[in-house]
Amino acid sequence: MKGHLVSTVPVIAGRDIALPRHVAIIMDGNGRWAKKRLLPRAAGHKAGVEAVRRVTRHARAIGIEALTIYAFSSENWRRPEEEIGDLMGLLRLFIRSDLAELVRENVRLKIIGDHRRFPKDVVALIDDAVARCAANTGPILAIALNYGAQAELVRAAQRLAERLPPDQIDAAALESELETRDLPPLDLLIRTSGEHRLSNFLLWQAAYAELLFVDTLWPDFGAADLDAAVVAFGSRNRRFGGL
Ligand code: FPP
């Protein structure tokens, strides 16, 4: 599918580029970014939130329909309590400072994963934020919170087993039970910081996504990096198993 990329980056501005409809990002490298600067890890996460702001804004500006970001995995509970507390604090701050913009910009906010395990006030803030964006009709921002793809697939299988005989369970039925069921198909999955893993993120959805691993640490990732990722996507030859 071709889409026109509106970009401020001269190298690609005005070119007709196949625009991914749905981009997902594993935002990795906050800790290393902080370490390089002799700062506490929390400073890396704080800078990571600024990158979230930059990249979500730019994704909207260039016309990406859906952006899914991995903010807290179901495995992140293994981190020290203090770091989990810092991440919860940043989530609170992000919602308080950015919700008005999301509402104004017509963003549909979605949460994937089970955020109910978060502190009560964070759950309330998140639920209120989702409700206040509920009437919006524009681009989707999906934030993965306490998300794990294997748990998502297990839940989907359980629900299917309850309502369908085995011979009626097919890929479409399974997809209808995934948390991404209302999102366009995943086109591009980016992981920052030089790690080459999916880390239990969108395993089913990534089946035919283009994967892009970049060395940039997440807090350094910005509009130009997203443009470069979109250009790289545009140059891939997607065959979906065909020739
Ligand atoms: C990975 O870096 C990043 C995370 C586990 C958390 C991502 C969270 C944010 C960017 C901020 C919160 C987001 C929102 C939407 C408010 P790492 O700590 O694993 O980095 P390292 O591998 O260098 O240690």
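Don't overthink the numbers, they just go from 1 along the chain as shown.
For all residues, glycine too, the Cβ spot is worked out from N, Cα and C.
As given in TrEMBL:
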BINDING   D28, E210  Mg(2+) binding site
ACT_SITE  D28  active site
BINDING   29-33, R41, H45, 73-75, W77, R79, R191, 197-199  substrate binding site
ACT_SITE  N76  active site, proton acceptor
C-beta crowding around D28 (Mg(2+) binding site), within 10 angstroms: 24
Filtered binding-site residues, from D28, G29, W77, whose Cβ is under 6 Å from an atom of ligand 1: D28, G29
Spatial separation of H45 (substrate binding site) from D28 (Mg(2+) binding site) - C-alpha basis, Å: 10
Proximal but sequence-remote residues of the same chain as W33 (substrate binding site) (Cβ under 8 Å, at least 6 apart): G44, A47, G48, L217, W218, P219, D220
Intrachain C-beta neighbours of H45 (substrate binding site), sequence separation six or more, cut-off 8 angstroms: N30, A34, E83, D86, L87, L90
G29 (substrate binding site) - helix vs strand vs coil (DSSP): coil
S74 (substrate binding site) and E210 (Mg(2+) binding site), Cα-Cα, nearest whole angstrom: 24
Between N76 (active site, proton acceptor) and R191 (substrate binding site): CA-CA distance (Å): 17
